[in-house]
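What TrEMBL records for this protein:
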- A:21-47: transmembrane segment (TRANSMEM)
- A:59-79: transmembrane segment (TRANSMEM)
- A:100-128: transmembrane segment (TRANSMEM)
- A:134-152: transmembrane segment (TRANSMEM)
- A:172-192: transmembrane segment (TRANSMEM)
- A:232-258: transmembrane segment (TRANSMEM)
- A:308-327: transmembrane segment (TRANSMEM)
- A:380-406: transmembrane segment (TRANSMEM)
- A:412-433: transmembrane segment (TRANSMEM)
- A:453-480: transmembrane segment (TRANSMEM)
- A:486-507: transmembrane segment (TRANSMEM)
Amino acid sequence: MVALLVGLKLTLLRNGLRRSVWRTVGLVLGAVYALGIVVAAVAGLVALRWTSTEVTAQVTVVAYAALTLGWLVLSLLVFGVDETVDPARFALLPVRARALVPGLVVAALVGLPGVATVLVALGLVVTWARTPGLALAALVAAVLGTLTCVLLSRTATSAFAAFLSSRRFRDLAAVLLAVVGAGLAIATNVLSRGLGSDLGVLTTLLQRASTAASWSPFGWAWALPGDVARGAWAQAGVHLVLAAGLVVALGATWTAVLDRRLVEPSTSAGGSGTVGRSGRLERLFPADEAGAVAVRSLRYWRRDARHVATLASFLVAPLVLLVTLGLNPDVSPRLVVLTPCVLAVVVGTSVGQDLSFDGSALWLHVSTGLSGLADRRGRVLAALTVFAPVLLAMHLVVAAVTGGWASLPGALGLSAALALGGMGAGAWAGALWQWPGPVPGESPFQRGSSGGLPALASAMVVLVATGLLGLPSLALVLLGAFWRPWAGWLALPVGLVLGLAALRVGTVQGGRLLDRRWPEALRAVSERAG
Amino acid sequence: MPTAMRLTGLVKSFGVKRAVDGLDLQVPAGSLFGLVGPNGAGKTTTLSMATGLLRPDAGTAEVLGHDVWTDPAAAKATMGVLPDGVRLFDRLSGRELLSYVGRLRRVPPADIASRSGDLLEALGLAADADTLVADYSAGMTKKIGLACALVHAPRLLVLDEPFEAVDPVSGEGIRSILRRYTRDGGTVVLSSHVMELVESLCDQVAVVAQGRVLVSGPVDEVRAGSTLQQRFLELVGFRAGDEEGLAWLRSSSG
């Protein structure tokens, strides 16, 4: 069964590569990147052989616990789980989850992050191969630790996916996840600063961190060789039992979740999905086609988990930054006032990915002969309706709390340049690059590798263009802060004019581009992944 | 008789597979035209190219005198389309979706309201008008798709598998809508696997296999005294299964 599932995964990967050049390019780039990380990590691990066992233990526990945490957080928040071998597809076959789990775990390791993790985990054996006993302990740790990485990410995403599949909780859960993520980031930030200012000495910090990490579930397995090296057999025993227990418990949980998914593979929960009949929203927007697109987009912003998740993930960074900077008395309020601009930097990407989120439903726009310009304008209009009030409110609240009213116009100007310009760039990039997004109703984690390079290219271009468009206003804001205040005020009209001009150019050019390549865009978004 | 849809030399390849291979088709105005063919014959690909959803590698598609690929706006304005195997904007309710299509098609708002009501009533969706399309069954989704194709009162309807998953009662409803529509001067092109349905509903039929039209004309001419099913099987070259084939399957009944 293991060989069968791994073979299936390899076949699916190969076929995926054969179908799209983009994906091959993406894989090669990813492989180069991953190879660099692995080589650097192994070099570091080899270098550790010349240090004391104590330092080696401390460094490796912290680093590998971070790797394990990374698997959990990244699969939950950023990448999603690569469901190339989707367990739900096995629903019609007479198999039990117990028989599938080993194969699925190994299949999960087939792929760039998996292979890289295995190589780095084997590096632990290299660094600890000082006596046969230590090498054996490191090997056990590497196996248990790698299994923990995979099982943790699978179990967490499966559990969340099941939770999210009931539509009623889906929006709530996406927001909750973002808040938890922001909370974690803020907590570590506050914690690290507290430690840093009290102790200051790196070694003490490392010692504390390694103790904390070795007793967190993420470090149980990785702490094993260090315990053996110190001759702390009792601790080694406890860590071994805990690590093995964790692997068994996660395996059992995942098996249980899988068993349920094999019986009810459909994620759509029949619910009372009725909506009110009021046409208030429709009357708020122009009566042309762009207005219709805007109203439809706004309804999706509210009803579609993917959009809610986007919104939540956008809010994480500015909130974290706000709290971190706000807590630090050394940072001038004139800088804190600028934190909402971080949100303005990313909003353009939402316009860039909006078309891909439509999936094959986009045929309607193609078939009705909708002009590209109307499509672009409608989506921008909806994004502005969502983000403009949020941005404005954040700016006002931050200015009120810090008392930095004098810097508000400049900050608003910068945000205007970034948000409007970014949406212009998104309107253009969204017309050029499309990819098959996750379909609505599916778990937002189930992204797999479907986005690939077009998604990356779109986001990069939008972010770079946004940054460039923000530069003049940023320069004026900084001049205003450190030289003449009137320069900061100038940032407002400059930002508005520049942003609006970029928005105009982006929507018009994006519209023309879309008019030329509607059918190609439709094919790009509806291409099935896998 | 004027021609509502004229496809000339259409070609479309996906990789090495040639899905549509020099297909020619003429649909007379006012006809109820059935497109039949085995799986993978290129029906959906052909209809996608005829409606502006898929760019052909070669050939032209003309709809009511407008070329779909050089004058798409005019051609698309005259057509109502129901594609198969694609999603709808299913986070909208049925009523919202109809209104969205109506607004994209520049139907006056007063007309959108009245036509939506009529269509939802006629297709038996009135009770679920405010339910999200995501919660519709397969048959209901087909029906709301058909309503979307009709809301701007097009002169040509292009329907890919309009009866799939639709129950017999709703199916009869759709049939009577289509018959009345052609009686009032509209043209319908639909694809189907079900020969009996095409035989009883359509007045013109074309048999498609391997990306080409094998035969096309009035139903009576095409079936030539036999049943459409029999004639179809002859045309696509069906070999009746060997009696001894799949012998191992018998043991499973024991």
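From the backbone N, Cα and C atoms, a Cβ is placed for every residue, glycine too.
A contact between the transmembrane segment (A:21-47) and the transmembrane segment (A:453-480) is present, since 3 or more of their C-beta pairs, 6 or more residues apart, lie under 8 Å.
The transmembrane segment (A:100-128) makes no contact with the transmembrane segment (A:486-507): fewer than 3 of their CB pairs lie within 8 A, with pairs spaced 6 or more apart in sequence. Long-range Cβ contacts of the transmembrane segment (A:453-480) within its own chain (Cβ-Cβ under 8 Å, at least 6 residues beyond either end) map to 22-23, 25-26, 29, 338, 341, 344-346, 348-349, 351-353, 356, 407, 410-411, 413-414, 416-418, 421-422, 424-426, 429-430, 432-435, 486-491, 494-495, 498-499, 502, 524. The recorded stretches the transmembrane segment (A:134-152) and the transmembrane segment (A:486-507) do not share 3+ CB pairs below 8 A when only pairs 6 or more apart in sequence are counted, and are therefore not in contact.
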